[in-house]
Amino acid sequence: MAEREMSASFLLLLLAWSLLRICAGDPLFYESFDEPFEGRWIASEKEDYKGIWKHAKSDGHEDYGLLVSETARKYAIVKELDEPTVLKDTTVLQFEVRFQNGLECGGAYLKYLRPQDAGWTPKGFDNESPYTIMFGPDKCGPTNKVHFIFQHKNPKTGKFVEHHLKYPPSVPSDKFTHIYTAILKPDNELRILIDGEEKKKANFLSTNDFEPALIPLKTIPDPDDKKPDDWDERAKIPEPDALKPDDWDEDAPMEIEDEEAVKPEGWLDEKK
């Protein structure tokens, strides 16, 4: 199940998007929007999403897409896949989008939904609908990034935790069409591409690539921990019972010359 969500102060045209599993060869899902979307894509009827989707041509071009028709509105639309997708092979998530009058403040991203509760329908989608992956551009004020967020079930607590890609790429600042691609590989590698050019590489198991890390740190600070009352702040503490070894030489120099040491090739004696 896939869903597209955005808030908009711009006019956006989604031209195509696909979900591809490399080993299987054929796309798991592909949408060109050449034909009207009604009946195949279902717009959310929740109160937050008042924006009206339209099937329209790209400004100045003949290709059709899914158009965000009004500014300053929130939009959400859902497409249910024929069957659940298991991301065990190399999987490619990709969509093509154009901000026809530029992007000043808004997000335009895809969410790949988890199985929903009994009785849920696409018309009932909202921001709380559980998902697995969220991917796409987001820009407003100081925020300027291509999101990649995934939710993972903690095996200890049984709760789903949201993990955000650190240092994601920036959103192109123009009015042209761009292709956003996320490649997920079986070795836990993630690659983010814009227009076919790699902008970010990460690993799902790295402690440096996601916040919070999927694999917890070995040590975790305890904010409630306190020093004992008799804690000694000195960096070094004398050991009154310590004894020098029997062969201790009080007259030995601090440094001992290594008679077998050889200068490296290219050593500069005059270098200071």
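Glycine is treated like the rest: Cβ placed from N, Cα and C.
TrEMBL does not curate its annotations; it predicts them automatically.
Residues annotated as signal peptide in TrEMBL: 1-25.
Counted within 10 Å of its Cβ, the other Cβ atoms near CYS140 (disulfide bond) come to 13, all protein chains included. The disulfide bond annotation in TrEMBL covers CYS105-CYS140.
Here TrEMBL flags 215-272 as region 'Disordered'.
If you look up TrEMBL, you'll see 221-246 (among others) marked as compositional bias 'Basic and acidic residues'.
Taken from TrEMBL, the feature compositional bias 'Acidic residues' applies to 247-260.
Look at the compositional bias 'Basic and acidic residues' (261-272): DSSP puts its residues at 0 helix, 0 strand, 12 coil. Here TrEMBL flags 261-272 (among others) as compositional bias 'Basic and acidic residues'.
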(Q) Just to be sure I understand, if DSSP states are collapsed into helix, strand and coil, how many residues of the compositional bias 'Basic and acidic residues' (221-246) fall in each? (A) 0 helix, 0 strand, 26 coil
**Q.** Tally of DSSP helical, extended and coil residues in the compositional bias 'Acidic residues' (247-260)
**A.** 0 helix, 0 strand, 14 coil
Q | Long-range Cβ neighbours of the compositional bias 'Acidic residues' (247-260) (under 8 Å; 6 or more residues past either end) | A | none
Q: Could you tally the C-beta atoms, other than its own, that fall within 10 angstroms of the C-beta of CYS105 (disulfide bond)?
A: 15
